[in-house]
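*Asks:* The structure follows.
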């Protein structure tokens, strides 16, 4: 899972970089492994800065000042099953044709097939194991096949039609063509989210594309909508013909490249990944989590029986993503709600940290307890999900160390028994704590007195609207929207093993080693001075 963002300002003399930079801060929860920004100057030159780490670590004020131009794209990487190399920081760039950059959120399930095609037929070199580089080169190949000196919006849509025919998976992308404009597109099942907004200015309309609506509202984009599954939007920089025709500012073009196939957004966005103040595909993430808490409350009351209030002294959330659901659960069941875990806000989200050992250590760094809220009490701890069990074991142990009599754990999500194939590095089946186990066996594995899972039907009901009736739930059922062959799942596991092996070297003796310098063209990590054009 990653965060993506694209911006086109109406005023060609304004700089897009500051807003992209701040926007990435708002999406930081979507990826903490690497960050990158690429902008385009008015004469078409691209300026890039990217590297490993969080937004605050990657960009200095000196580097930001060199990212000039009124349009650009940004990316935050979440470590998936691919390599952890510094070279895989996005956006990716190819010079031919036209100068293209692309940032991608998701996963392609026919990656090995695409890699062979690019090698044997398209004769394009792919330098990393990233699906994003595959997508970029497929797009570049299809544009190259048009064999045009200059392209327009119709050419872009035609090329993307062929891209859709070749790739399979869940993806949302933003891209930029040097000197021409920015675009965004989404897979035909709508698995990964993408939203577009517009903002009125004296020079015309500014446009922004982002993974979540929270970025748009932060910057005053009052009119926004979700990109439809299979749709592409292209925002062209204003040119001389536009000015002569009386148009002001960038021009927006939209086309439904493919008809929507099923419209199955990934339900894990609502469970965990997205910010609660975002709206995805018309559904408030906050409201969906309230619904999850209410549904889970009824399951718990049924599980514990009529005297459940005598068996549970306090409902305690695991901050932050479980807070909303835990509060709704407590209110529905008329149980005391207590903030007994105190979060260190300077530690990243443990779920998306690269490596099991790092996650385990980070739980204790991230959370501390209020002992008086546990001592001599029966506590119900509410978490958004239970994946590997790393966090769950630690928080149960912390509760017991603080004197809790009985510790029960409730999950807002059902049992996760299968890998996620669309860009979230959950784990292989054998590493998922619920794989092949009952609720009682999971409770024993994490040393809890009981574990209560949300039912799949209740989770679906929590997120359904008039427009949203189906969701991607393969991690619970093993049935994926696009299908996933056994060969691909084996390939995914092999990539994850190689990735974990690389990370063991990277984090030897608990110290993160400095990554090699990125020597990509125009990378502002150096002290080279660029022309501000």
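Cβ coordinates are placed from backbone N, Cα and C, and glycine is handled just like the others.
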*Asks:* Looking at Swiss-Prot, which of 130, 506 is flagged as phosphoserine?
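*Replies:* Out of 130, 506, Swiss-Prot attaches the phosphoserine annotation to 506.
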*Asks:* Fewest neighbouring Cβ atoms within 10 Å: which of the binding-site residues 383, 384?
*Replies:* 383
*Asks:* Reduced to three states, what secondary structure does DSSP give residue 383 (Mg(2+) binding site)?
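*Replies:* Where residue 383 (Mg(2+) binding site) sits, the three-state DSSP reduction gives strand.
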*Asks:* If you measure residue 2 (active site, nucleophile) to residue 384 (Mg(2+) binding site) at Cα, how many Å is it?
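*Replies:* Checking the Cα atoms of residue 2 (active site, nucleophile) and residue 384 (Mg(2+) binding site) gives a distance of 19 Å.
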*Asks:* According to DSSP, does residue 2 (active site, nucleophile) sit in a helix, a strand, or coil?
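*Replies:* Residue 2 (active site, nucleophile) sits in coil per DSSP, no helix or strand.
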*Asks:* Provide the number of Cβ atoms within 10 Å of the Cβ of residue 2 (active site, nucleophile), excluding the reference atom itself.
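*Replies:* By my count, 24.
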